[in-house]
Amino acid sequence: MAFECQDGPEVSKKLVDCVQNPCANHTGSNQFTSIPKTEKTSLVSSEFDSKPDKEKVSLSEPLSEFHSRKSIITSAVSKQFLANDVLPTFCRSITDLPPALISEILNCLDPKELGIVSCVSATLYKHAADHHAWKEFYCERWGLPTPPLGLGYSDEKSWKDLFVEREFRSKTFMGRYSTDVLYGHTEAVRTVFLLASANLIFTSGYDTVVRMWNMEEGLSIASSRPLGCTIRAVAADTKLLVAGGTDGFIHGWKAVEQLQHLFDLKGSQSHSSEFRLWEHEGPITSLSLDLTRMYSGSWDMTVRVWDRFSLKCLKVLRHSDWVWGLVPHDTTIASASGSDVYVWDSSSGILMTIIHNAHVGNTYSLARSHTGNFLFTGGEDGTIHMFEITTHCAETTVFQVATWIPHSGPVHSLAFEFPWLVSASSDGKMSLIDVRKLLRTKNSASSKRISRGKHVDKNSVEPPQRMLHGYGSNLFAVDIGVDRIVCGGEEGVVRIWNFSQALEIEKRIRALRRIRLENRIRRRKLRIEMDSKGQTDQCSVAAKKNPINGDRGGVWNNKRGVSSKLKA
């Protein structure tokens, strides 16, 4: 047979390319040639042995090099063929990546996508269930749970369990509810505050008395002495309770450790727990607290920042009109003055940006998301606006995300707990707005999750998901927490909308669904086991003994004929 020397190096070159790039020539099959390994090796050897002696001598030096290269290639090819024989459809998956890389990939997903990934395999379930992103998701929406009194909080629960439980609770506001009416105030209720972590509700109004209620039982716990003026604002946490009135004073109570309900409103045990602050020259319309500071807004056109430990005024933020509301977040504070909305740096007192003419008329109410990125405003024109606040390179910009017009009267109060925005209006109605569809979660360069508003058409914004009504008129205050909505108005009563009934019903429904699914899986496994053993059930045996389409002369098939003969 004829053989030319240049074919040997060419074949070896192709083999080397196949070994170095095994996927280059794959076209749907894991084998790169149709010639088996043994035939290919023997073919090359026979061709070299068939050469004349002269050619063998002339090719002795390159031949030795070629044989050494051939042995290496042959061993590599044999290894690849062995791997292909053992795993003919082998392909790498995400589980083969290092855990750190898998964690970075999962960090780019939102909660729904992360939950879907956890259902793929046991390995991905372990990575997704224990991922640190669940804590970020929870804190971004609701903040850190309070360990002693936080509903649903336990050291034994993972962050994923906490997130799923809280997300499940947030969906109950579309279910059944019961209404509790709290009587005690003698005049209109101007302000309500729900402290869900302690199961307490604080209310006040024109009767100048601050009342404390039990959220679960709806019973009055304590009431303060008459403070001598209309109370228009109340704020509280587990350490401090403050109330602001039309006389310009801030009345405060510090928590008492021995008391079960935190505050001694009557002042019977210790007078050192009660204090008063006076700096404003006009009625106080809004109050708020954070970990280190206290904020107050007044009709004297100022917002004052206080140190909550020393009770000293730190900053005075001056406006051009009456201040109707304020909402702080971290080092910024948003305030409503006239028809404008101001955003301040609370540390330096520098004005960051202004939203001019946010509403037609006064801007009465403000609410803010827990991350501080989203600001909600309600005004005299009955509209509700949603704005996004972004800060980049020390420049703050605000753009409008959505607008709703659910009321025919001024919106006096707003409250937000993800994903529900609740509004109270003078038309006697409350609206519940789900803002979940207007948000999108992104992953920034600093690996911190931030939510941003979607650029949607104003005409495509959904109306409020639910309207709660039944009042005469003039709802002045509303607050939301966990599975409760509390409101007060001109009637002088406090109403609690309790959605825990919907939560219990939904839990029972889910438990029944889980039982049905387990029974279905059990029956399927049993059927598979019976089929694998070659057994048949009793129904199939009975069907073989009495075939329906078999003998047409049977009793059942001739029933009509027999009956007709009897009639004849």
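Just so it is clear, glycine is given a Cβ too, placed from its N, Cα and C backbone atoms.
What TrEMBL says about a protein is an automatic prediction, not a curated fact.
Features reported for this protein in TrEMBL:
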DOMAIN    91-137  domain 'F-box'
REPEAT    182-223  repeat 'WD'
REPEAT    277-307  repeat 'WD'
REPEAT    356-397  repeat 'WD'
REGION    445-464  region 'Disordered'
REGION    532-568  region 'Disordered'
* Asked: For the repeat 'WD' (356-397), what does DSSP give as the number of helix, strand and coil residues?
  -> 0 helix, 24 strand, 18 coil
* Long-range Cβ neighbours of the repeat 'WD' (277-307) (under 8 Å; 6 or more residues past either end) -> 230, 232-237, 240, 242-250, 252, 313-328, 333, 335, 337, 344, 346, 349
* Structure fact -> For the repeat 'WD' (277-307), the DSSP helix/strand/coil residue counts are 0 helix, 20 strand, 11 coil
